[in-house]
Amino acid sequence: MNLACNLILYLLQASIGLALFISLYRFTLAKLTFFIWNRYYLIATAFSSLLFPFLHIDFFFIRPLTSESLGLVAKLPVLTYWRVNATVLPLDLCHPYSSWQISILAVLFVYGAIAFYHVYKLSADVYSVLRLIGKYPRFRYDQSWIIYTDEQLGTCSFFAYIFIGKSDQNSSLLKTILAHEQVHTRHGHSFDWLFIQLLGALFWFHPCIRWWKQALKDNHEYIADSYASRHSDTSTYATLLLSVASRKNNLSTLHYFSYGQLKSRIIMLHQPNSNTVLRVRFLLTLPLVFILLLLSSCTKQLVVPREQISNPEEFNKVVQQMMTVIEKTMLEKTMLEKTMLEKTMLEKTMLENKLPLVLQQAVNSSIEVSKDSSNTAAVKKGKIE
């Protein structure tokens, strides 16, 4: 059960980190033309969000209880306590799990089942790509491998492999398309994409995981567009984007030349380079790092070292004084309860026997209780009400 609770706590802390970092990116960094910096930011912060729950820094120090503070015990007020007779049930008669524990296990089961489904789906896509690689011949092209396929899919890439479908094999824009895909292969964008897909499979419940996927996908395309557009003017390259905008592929592991965010890509093509001074925005990451470190450190169980008692005789003396005070208090309490009980029973007996009022007053007057030097409890003179 401790393992289940720790897993839920880890997912919660990592989810907070993912939400904070992607929110900072969307509101302060996404519109900048520092595409390479943005890529490093996305990968580094996503990976850091997974690691922060394991990092603990002792921001706070709890002072342990020492033998010096034991001297305060004698100055404490006298406390009384009640003895309670409790029956301890055998362990085999108790239910092994409470209702909240069963609820936690049920939640983890649902989480694991859905996460397994997403991982399975991702693995199936990777397997489909590997089948394409083994099905068709490949040709060396610069630092990549080109595979001409008979499949109805647009030009796409996976690590060092570039797949060219039927529609692009005889295109006049093939050279520009290859230049675009080569950027993906040289920069290793497939590693980033597999990582973010796996992250999405494990954090399928996170409402911001869609932002992560979209941000990384946009960033990869911005990088590829910025390099590929150097082989032609910006307007010609934008026309190329429009010509392939209607193509769509179904494998999540591939980098496609034509995926949905056409408008933002064309805007970024015509976007002037951001001022270098704006890179200071990346420093906003530091407060978030501090917050996450503080959050993870607050959950750490601080182990206070035990201090050996330097003067055992003094310690035993203090303990003996405490026990004496407790025994004395309990004795006074017992005697007082006994006297009050005797008075109550005597009064009840007189009322039941309907003794004369004068006799009752005489009996009451004869009962006088007071505390003497031996701490004997007494009941003062009084009348029966």
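Yeah, the Cβs are placed from backbone N, Cα and C, and that goes for glycine too.
Those TrEMBL annotations? Automatic predictions, nothing curated.
Here is what TrEMBL says about this protein:
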{"type": "DOMAIN", "residues": "175-269", "note": "domain 'Peptidase M56'"}
{"type": "TRANSMEM", "residues": "6-28", "note": "transmembrane segment"}
{"type": "TRANSMEM", "residues": "40-62", "note": "transmembrane segment"}
{"type": "TRANSMEM", "residues": "100-120", "note": "transmembrane segment"}
{"type": "TRANSMEM", "residues": "278-296", "note": "transmembrane segment"}
Do you know the DSSP helix, strand and coil residue counts for the domain 'Peptidase M56' (175-269)?
68 helix, 2 strand, 25 coil
Summarise the model's confidence over the domain 'Peptidase M56' (175-269) as a mean pLDDT value.
84
